[in-house]
Amino acid sequence: CNRTLHGEAGRTYELQIQNPGGAYPFVCHLNFTATGGLYGDIVQLNLAKFSLGKFVENFHDLKQHGECTEGFMTISEQGLPNLDGRWCGTASGYTIYYSETRSVNVTLRLDKLPQASSSVTNGFEFRLIYKFLRHSDAKLRNDNRIWNGDLAPGSYCNRNFYDCDKR
């Protein structure tokens, strides 16, 4: 925790954080920085295991979708607006994040010792597989011959996708 991670473009790295079990709140800052050239231009984060906090649905206020209790993760990028998005609960499936910039900050916050569940033995799991990619190797992101959605200028969304089943 509380470190900056670099690496060679194309190599795969793994990071796992164990249940901290100490003083709370536990806060862990991780910065992934691609420094260009042999060290890549963007960052790929694969959440291999993720169980952090709980998502509690809000049924009383339709404008509020819910909230994270007991802990959460945030992702922010240097030079992009901070939207204060939070991820919590238990992830499943293939969960990958591609950066738009060279520097990605991941913050984990655990407010109290989580309770174990039937699927998560210690109540907290975090294993991340990460890579630094060159723009030239991120073909699906940068190839103009492949439709990557329509740009959405003036919004926080960077792409709109239509008729995906027909493409």
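Glycine residues also receive a Cβ, built from the backbone N, Cα and C atoms like all the rest.
Predicted automatically and left uncurated, TrEMBL annotations should be read as such.
As given in TrEMBL:
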| type | residues | note |
| --- | --- | --- |
| DISULFID | Cys1-Cys28 | disulfide bond |
| DOMAIN | 1-131 | domain 'CUB' |
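With helix defined as DSSP H, G or I and strand as E or B, the domain 'CUB' (1-131) counts 3 helix, 65 strand, 63 coil.
Over all protein chains present, the Cβ of Cys28 (disulfide bond) has 16 other Cβ atoms lying within 10 Å. Sequence-distant contacts (6 or more apart, same chain, Cβ under 8 Å) of Cys1 (disulfide bond) comprise Ile17, Cys28, His29, Leu30, Leu108.
Confidence annotation: the domain 'CUB' (1-131) carries a mean pLDDT of 87 in the model.
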